[in-house]
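Below you'll find the structure, written out as structure tokens, and then a few comments.
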């Protein structure tokens, strides 16, 4: 694939941003590309996911609407069929003789953000602005998928000895796709795993050899159900779902800090009630907890559940709490970071090298990293700088397309060096 | 107008339920009927409203959509023009020589409730189910407007001596239309005011001569604005609008009870935040306070505002509080209740007479009652029983159409007796 | 007993104010007086109390200290022995032939208030200021006990036909003594019960024939127990009793109002924690709920318990909730009020007669009233006006001693009339 | 001073534990010892404190009671006079020719804890249990003061060249004495400062060359004042101080975590209200905030004040917030830690050497450390292990007296090496 083909691929993905479990067009387009290559195996949809570990799967209506939209956008019918029910994503395998198994993980989903339509927004000028109004590749996953394809090509053309697996992961933004992919079995024989993220406020030309500081995270949804009543005529007959939720929120933020490290909690979304004169029957709370380690996140999670349950009980309400996404913490292994660092240091296109940096957020590549590390393998999360006019998750976000090639170079050379040196 | 015409009118209004300030079809249809009568004056739209006292007026897009819908439903273009900008409602005047000025107030708006489509719901069987999907006459205001028309006809055909004014009031459900109509000047010369409500759990054949126990009420909206921040990466940079709102809610319910009488408070609607990992920049709270007297409502209102403002300040947020609807308490005058009671007692159709009952809710007819009483006049709020299969404000509510005629009889005879006896 | 003897008695009681279950001197002094009379029966201490219904009994150290104090003040040793363990109070019985059984209930306890030592405070001038520093008869129970004695004398000297029982009740201020006395069995044969209160902002010369509007009340204590931890070093190891209590308080005030009538809740006393740097292991909350009816009080009580328990659970704490005092609501019977009203109307000393008034507070005479009414008897609560310089429960409270005699006259004449007319 | 004299001194101090600003006996005893030495200067009371920086000074009654107690325990009258008003503490100065000025800081105050009276508690067996019932040297400050005296003797007898200042600091437990001593001017010429703490879960024989991880801290007291009212009769007339405090507590714990490091908050002591039926006029909250850095503590402090003020305002109360103790964070300088480490490594009595450890709590030696560092000097906080049967701040705490001598050895040798090597 020429670099102009890759560019075209990136722009086509950019035109069709799709959120978690709805990456129908995206997966179909990728599979279409992958099938034209000389792969040793290609797994798609259900084949790459542990069914029971999927989180935050939308309802059928929602899935159907996106499925139909992908079809109308020209997605291949035979591939779409393999994705039915929201089983998106793919794993491509290249076997090239004796050698370790090296994996690259890229994510492919978009965000529910309306893309800028200003003339100075490059996708507008270049005519590849989102066609899925209200959704956008505002975090560069279109570039990630493209890098995955490019690395596959580069390794295919190299003298690589070993096996390469490229994971095209769905649902990262909702930290919903990492776990089912990590538990799919495809990582069982992986010796080395690289994951990649573009941007993160690092400029074009800068490479971060190892990113750490992933906070373990868990998203939850709490649905409070009480008893409605007329607030004027019969206030005593209500069991107030909004009052229960307010008590929960106040006390969620009051979960004790932990001496072992950073913790976080947020009540990020609320909705409830139908009228000012009705005591609310229903209230919805979307929140999350985090921890510097998985244990700290679990400490917060346990306390948060207790708070939410007690608040419901306090006001005579029922509450249903569900986990909608989860990711552990993880750490990039020194040996792997050293390889990437050496490769980047030797690459003329790299104008700045950062050994290690801290993300300070969450990412479910950590599920895959942990899985590999638990099996005795090594993992690292690599940052590829890119000038981005708007911040991540804003409507004016865009990537410097020139950095896609640099990312492919650094990652494929790292894979080659890892395979030969077996650090 | 024959009783079958009245029935047809009621059903046509039922087909076109419209909420506050959007009663375009309703007003146009009523005006069309009224113009066919021998009235001495007919005031429409802006002419019947004190502009500065309108509350909860929707934005232009919303008004335009309903305006267009009314036009498509066949509303008269020349009348619609007089209603532009959401100035709905009408006052019809009949002058019949020397005598007191007696007024009847009926309300005309519908509710945002989806009407039942079950076969056993009479409007389905009778083919007059709501054509404005999601909206419904679920409180009988279609019957009220019809009663207003019927009383006008009955008095026109009687030997009534005096002036009759019928107020067709918009926006009662949001207690938004009573004040601007009360302050319009049309009540200045009114000596006696009757208001009417159908149903209220009183069966067909029962008349309540005087309803009291209106709780004074005020609806408010509070919009909290804070500073968004990433909940994982920079929690300290947020000013949390949801946390502020939760503190407000917890403490709103904790406003001290009052020894002078009943008070109420409710946080009925909440909405806020955009994502679990973002500290919410905005949160919306729709609530209300009530009091057995206007003073008690004002006590609650003052305390509620203090709670909301302090909660915002506590969490570094701004808050904008607006009043979206308001009604005072009121009492039906004995002298007028006595007249209605005597009339009802003498009517064979009345199978049960209740002297006085308590509403236990709120109603902005109280603005009109207070206005008349302040001018030295008398006012009473009359209940006309009707069997209703579902409760008020539920999707299976409907009225027993036979009771419309009884309501017209009792009210028109009461008006005649009031005019002659001048109680 | 002459009126100067009664005055001396009142002043002696005033000198020795004793709180609930510690009325050792008071009971001993009253018993000493009663034994000098020609009574048919005199019951003391355990004999007048249902043991299992006693509430808010202090611990042994506290009881011992007051016991000793009473001894030192000269209380008769043989009577004191009958009061050991905090069994205070007495019932005096006078049988005078055939006739109904009429009871008078007076209370005898004092308050933990430091009495004024200003020269213009009558007990200072008259040298009968409290000798129990920190305690005071600040609600006139010294006068009540005196009235009880005076009525006994007046009836003894009259031509009364029937049985008179005078209940000298302990522990009214903590609403702790009414129930055990009501359940003692001594009310079983009572046909008519009068209770009396002096003052209540009614001036000297005014009689209130029937007081109502007693709010049913229940006092509770909640002791939260958590796990202490160093707030700096190990915040996550604490289960914070103060945080649990704060959550309880916020939500106690938020218990929904009730459409059936007035309710109240108060968190009146808090105490907890030992140091700023220790997460509190213990926190104490003293509170109360009230209702216009006993049912409404019970509604509040049930909700309050749920709030307290859930708040404890929310923060990993245990909580022990105990009821420390309780009284139902009650109503004075019309027939009895009529008798008192007629008597008062005919008494020249009565300058103002109020038929009925509302207390707006609580009082555990209601237990006795309910008991009599449940047995088919009648009860009324009578107010005897008295000019009082300071308000009830303030350090400058005092009674106009002249009104004691008027109270005795009105009550004894009422008892005579009740016995003869059997209303 | 022989080691048996030092032991006697330690036990005498142990017998007379005195809390902040009440170290009358302690200071007098120390001054008595110091005056018997060949010092170049001795400053006492007011002379060693910056008056305006004193915090948490008790009221006169409290000071007088302890003053009297010290006198009765045999404190020298002439010294006591110099301490009047709660000006305790001393600074001893030894000048030995040219050389740097080295300071040692020890603290001297006790805790409000009742000492164990079990036979196996060494002070019971050794007959030096606290004579100030309810107070105890439960953190080893008696040993600290003794070490200070021993170091002074050791240096006096050595060939030390330079100036030694020993700071006997009052009020550490309430972090109240560090700032006024730091600001007294006596540190202005200090080049090196050592502070010392015994125990901290380090066993006998272990030395920690440099302790860090002091959380900056600020203690605050908030006094809420509202308006009392009868909770049954007039709930609306109250401005509820307890309700305001509860709102403050709930929201204090909800102050956002900070990405830059650890923060803490605690509401450690509450007290309020007088009766269950009175809406509380007053409520007291004693709390604290901490931060991994002084900036983080100040972030918490600012937010805490906002929460407290807004909570008061929310419920119509006034609030008075005062700072009752404060300490910054600090770090032990490497160069000084290296010296102590080398000394400890060379001492045969030291069986275990810990280079650096983290306190995880707070300590106001940091004020003195910062002051010296701000002047260009170096500071280190040294830990001297000691087996302690009970934990710090528990009633069975005690020190292994043998470790006092080891502490003196390590510290005096460190001072000698510092003076000669000028690191």
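Cβ coordinates come from backbone N, Cα and C, glycine included.
TrEMBL does not curate its annotations; it predicts them automatically.
Taken from TrEMBL, the feature Mn(2+) 2 binding site applies to C:139, C:141, C:197, C:393. For C:173, the entry in TrEMBL reads Mn(2+) 1 binding site. TrEMBL lists C:220-312 with the feature domain 'Peptidase M20 dimerisation'.
Features per TrEMBL, on structure.
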| residue | record | DSSP (3 states) |
| --- | --- | --- |
| C:139 | Mn(2+) 2 binding site | coil |
| C:173 | Mn(2+) 1 binding site | coil |
| C:197 | Mn(2+) 2 binding site | strand |
| C:393 | Mn(2+) 2 binding site | coil |
Other same-chain residues whose Cβ falls within 8 Å of the Cβ centroid of C:139, C:141, C:197, C:393, the recorded Mn(2+) 2 site, in sequence order: C:107, C:111, C:137, C:138, C:140, C:144, C:172, C:173, C:198, C:199, C:392
Would you mind ranking the binding-site residues C:141, C:197, C:393 by how many other Cβ atoms sit within 10 Å of each Cβ and giving me the lowest? C:393
Sequence-distant neighbours of the residue listed as 'Mn(2+) 1 binding site' in its chain (C-beta under 8 A, six or more apart): C:19, C:20, C:109, C:110, C:111, C:139, C:141
Number of Cβ atoms other than its own within 10 Å, given for residue C:139 (Mn(2+) 2 binding site): 26
Going by DSSP, how much of the domain 'Peptidase M20 dimerisation' (C:220-312) is helix, how much is strand and how much is coil, in residues? 34 helix, 34 strand, 25 coil
Across the domain 'Peptidase M20 dimerisation' (C:220-312), what does the mean pLDDT come to, as a whole number? 96
